[in-house]
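As recorded in TrEMBL:
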type: DOMAIN; residues: 73-153; note: domain 'Cytochrome c'
type: DOMAIN; residues: 175-254; note: domain 'Cytochrome c'
type: TRANSMEM; residues: 15-34; note: transmembrane segment
Amino acid sequence: MSEAHAGENFSAKSLIIIVLLSIVGLVLFLVLIAKLANSGMQVDAGGPTMTNEAVIARIQPVGVAKLDESGPPGSRNGKAVYENVCLSCHGAGLAGAPKFADTAAWAPRIAQGFAKLVEHANKGLGAMPAKGGAADLTDDEVARAVAYMGNAVGGKFTEPAIAGAGAVAAGGKVDPATKGKEIYSSVCMACHDAGVAGAPKIGDKAAWAPRLKDGSEAAIKIATAGKGAMPAKGGYSGSDEEFHAAAEYLINASK
Ligand code: HEC
Ligand code: HEC
């Protein structure tokens, strides 16, 4: 009887000890977790233990700032967008991004089809922020970069045309009145509408006359190469033929 009593006493005591030890253990565990979380924030930039969030926070501002130098918004091609934005993660495969030209990493993704890939790249997926963090990219610019990356692993994707699709017949002449006007409105207008940076204004015959004295072809040639504050092709990244159509449109409206 007394033995059983002692046994009861013992188990009640050990229960209290176990409960106390568990509480102490839990507190220690929480303190440890908090310490780990803090040290994660202060981790060395080059360290291998950076969280995806930390990697992404460091990468985004760099890419977005450099993108602006590659051409007017909307007109940047897949290569330019890739090199200025996507490369920061996809170049080395940071944060779990499928690496550029890594066929094995891309194969299951490519299998989803171009439309799905473009949708994911525009809306974001997992650790990948929408548009790779460059919110000012147009959906088409992102799609061009997806095509550029996809084609590097054997995809057969076509980059969406610059300044609207469909107006350029393959190998055909680019029409200044439609396509030229479209490119003018999306690229050249930024300077030539108001005469920014000394650009001859559209429709300003006096400003254009001296530039057209050797004919419009000579002026277009100069503009293709760039002159003074006018960047080569006005920063337009499409074909020479398309630029030519935009210049024709501009000149036709100014003589
Ligand atoms: C901050 C890092 C980061 C940047 C910048 C970035 N990506 Fe990604 N990308 C990722 C990660 C991570 C994944 C994998 C996401 C997943 O599967 O959870 C990914 C996946 C993708 C995929 C595959 C989507 C799918 O359906 O499997 C495409 C396409 C893609 N990125 C395109 C782009 C393009 C285009 C850009 C540039 C405009 C870009 N990415 C910039 C991190 C990035
Ligand atoms: C960033 C501003 C800017 C943009 C964008 C721009 N231009 Fe210009 N453009 C200029 C300036 C400035 C000049 C005058 C350069 C000079 O004479 O020093 C000029 C001159 C020209 C000329 C005359 C060249 C000559 O013979 O003097 C043509 C033609 C022309 N631009 C066409 C275009 C077309 C077409 C586009 C769009 C695809 C375009 N530009 C976009 C700034 C711009």
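Keep in mind that glycine also has a Cβ here, set from the backbone N, Cα and C atoms.
Just so you know, TrEMBL annotations are computer predictions that nobody has curated.
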Would you report the average pLDDT that the model assigns to the domain 'Cytochrome c' (175-254)? 90
For the domain 'Cytochrome c' (73-153), how many residues does DSSP put in helix, in strand and in coil? 51 helix, 2 strand, 28 coil
